[in-house]
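**Q** What Swiss-Prot records for this protein is below:
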- 1-64: region 'Disordered' (REGION)
- SER2: N-acetylserine (MOD_RES)
- 2-170: region 'Mediates interaction with USP17L2' (REGION)
- 10-21: compositional bias 'Pro residues' (COMPBIAS)
- 23-37: compositional bias 'Acidic residues' (COMPBIAS)
- SER32: phosphoserine (MOD_RES)
- SER45: phosphoserine (MOD_RES)
- 45-54: compositional bias 'Acidic residues' (COMPBIAS)
- THR49: phosphothreonine (MOD_RES)
- SER53: phosphoserine (MOD_RES)
- 64-171: coiled coil (COILED)
- LYS69: SUMO2 cross-link (CROSSLNK)
- LYS178: SUMO2 cross-link (CROSSLNK)
- LYS201: SUMO2 cross-link (CROSSLNK)
- 226-252: region 'Disordered' (REGION)
- SER228: phosphoserine (MOD_RES)
- SER234: phosphoserine (MOD_RES)
- SER237: phosphoserine (MOD_RES)
- THR244: phosphothreonine (MOD_RES)
Amino acid sequence: MSAAALLAPAPAPAGAPPAPEYYPEEDEELESAEDDERSCRGRESDEDTEDASETDLAKHDEEDFVEMKEQMYQDKLASLKRQLQQLQEGTLQEYQKRMKKLDQQYKERIRNAELFLQLETEQVERNYIKEKKAAVKEFEDKKVELKENLIAELEEKKKMIENEKLTMELTGDSMEVKPIMTRKLRRRPNDPVPIPDKRRKPAPAQLNYLLTDEQIMEDLRTLNKLKSPKRPASPSSPEHLPTTPAESPAQRFEARIEDGKLYYDKRWYHKSQAIYLESKDNQKLSCVISSVGANEIWVRKTSDSTKMRIYLGQLQRGLFVIRRRSAA
């Protein structure tokens, strides 16, 4: 039998209903639809299985994460407890490291403090020695100055006493008590015997100095010149002293003080300047001007360091003459 005969439909029997017509395209479509449905069901089943497995895996991972987190917490807690125990025992490495650093800082500060204390102590000792030397020097200077002032004061009193003695010698004759000249009459027979008159000797007059030394000396020289020639003058009177050109009353010198300086004989003199001082008795003294006041100057002798006070009036009248050492 040929293939065409095999493929041809069999003839229907008689009296049978007619067979339906057969279309091969429709069968293929039905088969493809069934295949698609079966594949779709298979895919859905696979997806459901996959979803279930993923859910189980997620749950398992979450449990593992929680367990791992708990383990990390326990490890961290145990580490902290161990570090706390080491800290209490003093064996913690970080604690020892920081303690070593603090100890170094402490020793450094102690060393700096000791150096600062030593420096301050040396500075205080130097200041103490310096102040002590200054105090000793000031004490010695004040002592010398006090001694010089006392010597000058005593010299001044000595001069006043000598001037007073000289004044008493020059004016002694005027203070003598002269007897009263009375006429004696003859006593009558009936008159009582006269009682002698007892008179007290008048006390010597007291001298009150209201003038300066140079004015007193000038008055004494004037009185000495006017005194009577019958009474011999004492050798110590100014009349027997050798006269110098400086004692001439007609010769006067210009002397004044301005701005702490002395202007004398057309020259300026200042403090601490070396001079020669010539007095009325031809004494020539080497002196140094100690100070310049308002109306007088103080000079210090270089021989014994005693001080003398010279008034402007004495310089103007020529009782003392000042010359520079270089020009003298």
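Even glycines carry a Cβ here, placed using N, Cα and C.
Have a look at these and tell me how they're positioned relative to everything else.
**A** DSSP assigns SER32 (phosphoserine) to a helix in the three-state reduction.
Remark: THR49 (phosphothreonine) has no non-local neighbours by Cβ distance under 8 Å and separation of at least 6 in sequence. DSSP gives THR49 (phosphothreonine) a helix state.
Taking Cβ-Cβ distances under 8 Å and a sequence gap of 6 or more within the same chain, SER53 (phosphoserine) has no neighbours at all.
Long-range Cβ neighbours of LYS69 (SUMO2 cross-link) (same chain, at least 6 residues apart, Cβ-Cβ under 8 Å): none.
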**Q** Check the DSSP secondary structure of LYS69 (SUMO2 cross-link), expressed as helix, strand or coil.
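**A** Looking at the DSSP assignment, LYS69 (SUMO2 cross-link) belongs to a helix.
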